Amino acid sequence: MSSYANHQALAGLTLGKSTDYRDTYDASLLQGVPRSLNRDPLGLKADNLPFHGTDIWTLYELSWLNAKGLPQVAVGHVELDYTSVNLIESKSFKLYLNSFNQTRFNNWDEVRQTLERDLSTCAQGKVSVALYRLDELEGQPIGHFNGTCIDDQDITIDNYEFTTDYLENATSGEKVVEETLVSHLLKSNCLITHQPDWGSIQIQYRGRQIDREKLLRYLVSFRHHNEFHEQCVERIFNDLLRFCQPEKLSVYARYTRRGGLDINPWRSNSDFVPSTTRLVRQ
């Protein structure tokens with residue numbers, strides 16, 4: 001269990017509790033979680049973070065009424081900056097989006113501006129929102145993470161408790177390599193409910209070569225670990241930077257959707273540009 005799982009900042013969350021669904025607009029449904037909860041134990045300070053990045057959300061269940069009462073549907077794309085004070089708690093995000101269902105808006109841009117304003121207020125940081133009509137996305141191909149998949153290794157694993165031990169002495173040689181490694185075996189669990197979160201992860205780095213077996217064992221050790229998606233990605237970035245000391249590092253995870261939302265955080269200390277096309281499990 002994470003050291004902050006019982007922190008008072010989490011006590012008021014609707015996550016893990018029985019809730020009523022509202023279908024008329026209510027911005028108060030949104031709830032934030034301080035990023036400092038997991039950053040402080042990692043020694044990460046807001047004024048000296050070793051990375052930049054965003055939390056990319058895809059909104060698949062977004063609907064409202066136009067001025068004449070005709071339902072509208074869209075797919076939303078949200079990017080929440082890493083410098084925001086809070087991350088957005090996903091169940092509250094779902095409940096908030098449901099509150100649009102029977103609410104009339106004059107036009108699509110009013111919806112976009114409302115989302116951007118409310119999310120920025122909750123996160124206490126920069127948020128950008130784009131809305132797409134369905135015909136804009138139809139025929140869009142399934143994407144994939146570029147890189148070498150490290151999953152098909154003939155190894156025995158019997159420990160699924162999180163540990164950084166596997167990353168000790170995980171680099172070899174003095175030669176500097178530049179490579180991208182991919183795993184689809186990332187599984188962590190919700191900090192509050194302990195429900196499973198399934199993801200694929202892409203690790204791009206420049207530095208001494210990282211042992212792929214040790215890296216895979218480390219990633220598999222998240223299997224019983226309880227943390228939010230964004231927190232896991234920052235933990236992985238921080239651990240790799242600390243133990244493997246690459247010159248450049250980017251960590252990008254795309255998680256499967258839950259409640260009509262998927263969360264795709266990335267962190268980097270280089271000029272990394274993430275692909276935003278959904279993966280096969282999304």
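Any Cβ shown, glycine's included, is placed from N, Cα and C.
Under DSSP, I88 (substrate binding site) is assigned to a strand (E or B) in the three-state scheme. In sequence order, L30, Q31, G32, V33, D55, W57, L80, L119, C122, A123 are the residues of the chain that are 6 or more apart from I88 (substrate binding site) and have a CB within less than 8 Å of its CB. The feature substrate binding site is assigned by Swiss-Prot to I88, E89, S90, H229, E230.
Around the Cβ of R258 (NADPH binding site), the number of neighbouring Cβ atoms within 10 Å comes to 16. Annotation source Swiss-Prot lists NADPH binding site at S90, K91, R258, G259.
Positions annotated as active site, thioimide intermediate by Swiss-Prot, on the basis of sequence analysis: C190. Following the DSSP three-state reduction, the secondary structure of C190 (active site, thioimide intermediate) is coil.
Secondary structure at D197 (active site, proton donor), as computed by DSSP, is strand. Residues or ranges marked as active site, proton donor in Swiss-Prot (evidence: sequence analysis): D197.
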Name, in the order they occur in the sequence, the residues of the same chain whose CB lies under 8 A from the CB of G259 (NADPH binding site) and which sit 6 or more residues away.
E61, S90, K91, K94
Rounded to an integer, what is the Cα-Cα distance in Å between C190 (active site, thioimide intermediate) and E89 (substrate binding site)?
11
